[in-house]
Structure formats: C-alpha cells, structure tokens
C-alpha cells in the first residue's frame with residue numbers, strides 16, 4: 001500500500017487537495033479533522049473530550065489521536081494507498097505511525113508539505129465558512145457565503161468554532177511549535193516534497209500529483 005502524508009498549517013489547503021488528489025490517484029483519503037468531527041457528532045465521551053480541545057485551538061492529545069487514527073487505518077480494506085491529512089501532527093505521532101506501518105511491512109512513500117505564508121493563513125481561516133453536510137470550504141465574500149448555502153449539495157454553511165480570529169492565532173501557534181518540526185523530520189528521511197500553496201488550486205494539484213508519482 002502506498003502511503004502519503006499531507007503536511008501544512010491550518011488553512012494551507014491540504015484538506016481540499018487531499019480529496020482532489022485522492023480521487024485522481026484512486027487513493028483512500030483520511031482527514032483526522034473529519035474523524036474528530038464525527039466523534040463530536042456522536043456526542044459520546046470521546047467526542048466531548050475532542051470538542052473541548054478543538055474549540056480552544058489546541059491539539060488533541062497524542063494518545064487519543066494515535067488511537068483514533070490507527071483504529072481507522074486498521075479497518076481499511078482493499079485500498080491501494082492512502083492520503084493521511086492531518087496526521088501525524090507531532091513527532092510522537094510520526095514515530096507511532098512509523099512503528100505501526102513497519103509491523104504491517106509498509107512505510108511512508110511520500111510526504112507533501114504545502115507551504116503558505118502565515119499572514120495568508122490567518123486571512124483564509126478567519127474568512128472560512130464550511131458546509132455542514134459535505135464539508136466544502138468557502139471564503140467570506142463569495143456568493144455561497146452571502147446566501148448561506150453550499151453550491152455543491154445545498155447544505156447549510158457555518159463558521160467552525162476553531163476558525164474564529166482568536167482561535168486561529170492559537171491554532172497557528174500550536175502548529176509552528178509542534179507540527180512544523182515534522183518538516184525537517186521527513187526531509188531528513190528524503191521523503192519530503194515542498195509545494196508552493198500560493199499557486200492556483202489546479203496548479204497546486206498538478207505539482208502534488210507529479211511529486212507523488214515521482215516518489216513511487
């Protein structure tokens with residue numbers, strides 16, 4: 001199985017790119033944020049715990065994240081590969097993933113780092129609205145946000161609690177202190193491909209696909 005990690009700060013576009021690239025390359029797509037939001041929707045103890053961290057802009061503790069993700073990965077069947085979006089987010093998570101994959105006789109094929117300047121990240125996140133049904137993102141000022149309706153599935157748009165200006169600053173602070181070190185971790189292993197996230201969306205997709213294919 002060919003495993004690809006998407007790294008990037010909140011607002012870098014890794015979620016959008018993960019979905020598009022997964023479809024193009026026929027890979028499974030796992031977004032940690034989606035797994036957590038499903039837990040929150042269930043309203044169980046795990047969901048309540050996850051919600052409290054996400055609303056403060058903090059990372060969900062490693063032990064919880066590792067358990068949720070590895071359980072999900074173990075349940076995947078008949079897939080040729082997977083794009084991991086939002087995991088790992090710390091060196092401890094990266095080491096846990098490496099260990100789990102080695103036990104299965106697998107490894108990381110390629111790590112895609114989508115690089116976007118911090119001021120642009122703040123702009124994107126503070127103005128981001130998301131569809132409750134399909135999770136499609138929209139920027140403040142577009143027709144869909146004005147109407148409050150998703151153009152893809154007609155679902156209701158809302159602003160996530162973790163996308164408010166105050167929480168955005170905390171999320172980025174956490175990212176640069178805990179997740180950014182993974183860039184050098186994977187670069188040292190010769191697995192990292194850095195992509196300019198300021199390019200047009202279609203161009204970013206093209207560069208990511210090329211990097212993954214070249215890394216195989």
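Including glycine, each Cβ sits where the backbone N, Cα and C put it.
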The residue range that Swiss-Prot labels region 'LID', out of 90-126, 127-163, is 127-163
Candidate ranges 1-30, 31-60 [criterion: Swiss-Prot lists as region 'NMP']: 31-60
Between the Cα atoms of residue 12 (ATP binding site) and residue 89 (AMP binding site), what distance do you get, rounded to the nearest Å? 14
Give me the CA-CA distance between residue 15 (ATP binding site) and residue 32 (AMP binding site), in Å, as a whole number. 10
So what's the mean pLDDT when you look at the region 'NMP' (31-60)? 89
Sort residue 14 (ATP binding site) into helix, strand or coil using the DSSP assignment. helix
